[in-house]
Amino acid sequence: MAPRRGGGGGGSFGGSSSASCSSSAFTSTNDQIYLGYFIAFFVIDSVLLWMASRLFKLKRSDPFVRWPLMLSVILNVFIHGWNLLFLVLGECGAIGINLNVKLSLVSGFLSVIATSLLVGAVMVPICKRIHQVANMSPRLIATLHGLLVTGFAVFYFIAACLIAAITTMESGFSTYRRRRALASLIVAWNGVVTFTGVVLLLGMLSTAFNLVSPMSRSKVLQSSSLRRNILCLALSSICFGAFFLADRIVAYRVTWKQSSNYDLLVSYYAMEALCLFFHSLTFLFALLVATSTALTDGVQSVAQEQPAQPQSNYAYPIQSNPPDFNVPLMQQYPQQSYPPVPSVQPYQQPHQLYDPHHHPVPAPYH
């Protein structure tokens with residue numbers, strides 16, 4: 001999600017001893033919308049976590065797919081719970097607005113990890129397994145997608161670091177120099193996060209193409225359930241990349257430019273919801289594809305069809321557990337007959353006996 005600024009309502013810092021929130025809590029439209037987002041997607045990702053734990057326990061799957069997906073959804077559940085908790089505490093006056101915004105940085109860095117794990121699981125191991133089932137070489141695709149995932153994760157992390165620096169400087173930018181530095185950081189964040197969205201969108205487009213193109217080469221991938229899940233995964237991946245980029249572009253104008261355009265605000269909240277929705281939808285179809293029995297059996301059948309490497313054969317097998325020494329029992333096995341090999345005599349120079357009375361005839365002089 002885009003950086004969340006401080007709420008509008010809420011009690012005073014420190015609050016009273018009452019356990020309930022004051023009537024001024026959640027009077028801001030911004031906080032009401034975020035409260036709905038956090039509750040809804042906390043429930044959705046909790047259901048996805050339950051589904052993933054059951055499917056990975058009942059069905060075989062590649063560990064390079066299973067662990068990134070599981071860690072990604074666990075982090076998403078924690079992120080929504082973390083944001084929900086401190087949003088309520090901030091509105092009820094238990095913590096101040098500035099502290100609430102700084103605590104949201106934790107969920108920002110965790111979101112970098114969760115999103116990178118999901119994107120990496122879809123782009124590298126899932127695409128690789130589908131290419132293996134289609135009997136296509138996955139090495140080039142895995143290398144290209146690995147570079148895209150690495151670039152996305154690195155630039156997304158840089159954007160999170162810039163947000164942390166901006167949040168730290170916002171509370172005390174009194175001098176002109178600090179205001180200039182803050183404005184430069186905001187512009188740098190906008191450029192980095194926009195480039196991150198472009199990299200993600202390009203990666204999702206390449207992923208969708210490499211998910212769909214091998215389907216025509218394999219009967220296993222054309223089965224009804226697997227085919228449907230692969231197509232839905234390709235579509236949801238493209239939508240997730242597109243709305244991720246659009247959300248960051250609109251967030252810059254709304255959050256930092258302080259635009260009061262009503263249509264732009266509605267677009268901002270819609271982009272937030274759609275980005276979260278397609279993030280969860282991409283995880284769902286990645287889970288269904290990764291745990292598909294047809295895909296797992298197809299990978300194993302392709303591996304069995306590959307010719308085995310020739311092994312060396314020995315004329316005299318060695319007894320597995322010899323009584324005394326680990327030596328071949330040659331007398332128990334008939335020897336193979338081979339054609340006789342002619343013996344090679346060593347080279348000897350011609351040797352003449354020494355005769356002192358014999359002199360060789362000199363060659364005629366020409």
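Start at 1 and count along the chain as shown; that gives each residue its number.
Note: Cβ is positioned from N, Cα and C throughout, glycine not excepted.
According to TrEMBL, the features are:
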REGION    337-356  region 'Disordered'
TRANSMEM  33-52  transmembrane segment
TRANSMEM  64-85  transmembrane segment
TRANSMEM  105-126  transmembrane segment
TRANSMEM  147-166  transmembrane segment
TRANSMEM  186-209  transmembrane segment
TRANSMEM  230-246  transmembrane segment
TRANSMEM  266-290  transmembrane segment
The recorded stretch from 33-52, 105-126, 230-246, 266-290 sharing the largest number of CB pairs under 8 A with the transmembrane segment (64-85) is 105-126
Which sequence-distant residues neighbour the transmembrane segment (147-166)? Criterion: at least 6 residues beyond either end, Cβ under 8 Å. 3, 105, 108-109, 111-112, 115-116, 119-120, 123-124, 182, 185-186, 188-189, 192-193, 195-196, 199-200, 202-203, 206
